[in-house]
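Pulled from TrEMBL, these are the features on record:
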TRANSMEM  B:31-56  transmembrane segment
DOMAIN    B:92-282  domain 'ABC transmembrane type-1'
TRANSMEM  B:96-118  transmembrane segment
TRANSMEM  B:130-151  transmembrane segment
TRANSMEM  B:163-183  transmembrane segment
TRANSMEM  B:204-223  transmembrane segment
TRANSMEM  B:264-283  transmembrane segment
């Protein structure tokens, strides 16, 4: 694989402008609908625009200075952090465990794999609907199950109280996000040469030692991809929160993405809202750059 | 969700076909692991199973016996109610038209850019590549205010056609990433040979590159179709009349209307997800292959 790529680098023909004719349609769309809007958000974040009026004033960095004094921003940052850590760590660990189990001599492997990946293809809004329905305080399956096994005391309005709402939203997120690491780890495990395990066995390594000294090091590229992609993905959280709790109860489940939306479309503070979006986007870019660089380098 | 995945698609292989890691013979231990996995899988899929059971029983039966009971009676009425009230005929049509226009267009322009990056001598190649891949990290919400203004001045709000541009733009980074790495594996020799015979870049692209890349194109198209079908935020801000809503936005409205009708709600959610579940089951080989194969070899 790697060698063919290296050999394949050869001088190519073609006019000087021809490549740009191929590149132009995609680049134009990309610039017009992604780059240009993202950059003009930088400008709006420096204004006091309300989102409706024809005029607005340039206010410099005022919107940014206001952020730390906004209690909801503090909540949102905290929620984003919890969200990032939990929805990366838990799906990665469950995904790895499932992959290891599936990699053994298991019956019905394709159907099991199919089941575990299924939530990942569903629309986020439908996942939110399904779980909102499961969490229903009166008729939801979760409270019914708790009552059925005699734990009536644990039945509660999961999405309706500050103490549980964010965690209740993270459960479906975990449900949805476990499939991808599982598939990736499964593919990686199947790529580990048999000889490594044979050699380790000859050297008298126990199964546990083999796991830490053969399996885990071999999975390093998979860890990297899973972590990089989950990290990039976790900053984009919006749909689930919006559709399940609408940021509530109160503002307890607001994240930066939803708080941005509420400021722009509910409170008519488009300037302030875009400042929130700019901050989280800069963090997302900073975190994503190593991955983007690795993909660019590999391709060159 | 599926908007990003690692680079490089090889021919999608059924990953279950290879099992190199030594494990004890399929004996008692394999059976124990299988049993444990089956229990976990049942638990994992139980929300969807409950959804199906609830959708096919009358509301009175559901309330009388509770959500975890087996239905006494079966009915299809929930589906017809949900279909009418949820406006699914319209939202289905809108989502389907959108995907039918957006996906082929997106794959085509991405394949063209991927070809230029992988096989043509292009100036600023690495800069272009880096800038396009950087799009993977950009959250949609940073662009919604300017996109909204842009669409309003073009008169394209409240129309699914206003969504095509933003959807294309946010799909391009991933599609280009995967396709250019696939094109890179096509040997330069056959392209050179065609050029000696007088073929231009366009002919090479349409008669050689595209036919040789069908597996990658199919995978990218499927993942892109899933992402398009599921997109929510742009649709939420740009579409406001019921006649123009897509499935995710329509479903959200529907959820509000059916808050007290659990069986109708379950039927509505199923109506919204069944096509994607069927497509996934039939095409899962391509999805699984596309997400994993080759991504770990580098």
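Any Cβ shown, glycine's included, is placed from N, Cα and C.
Of the Cβ pairs linking the transmembrane segment (B:163-183) with the transmembrane segment (B:96-118) and spaced 6 or more residues apart, 3 or more are under 8 Å, so the two regions touch. It is B:96-118 that, among the stretches B:31-56, B:96-118, B:264-283, forms the most Cβ pairs under 8 Å with the transmembrane segment (B:204-223). Contacts between the transmembrane segment (B:31-56) and the transmembrane segment (B:130-151): absent, as fewer than 3 C-beta pairs lie under 8 angstroms at sequence separation of six or more.
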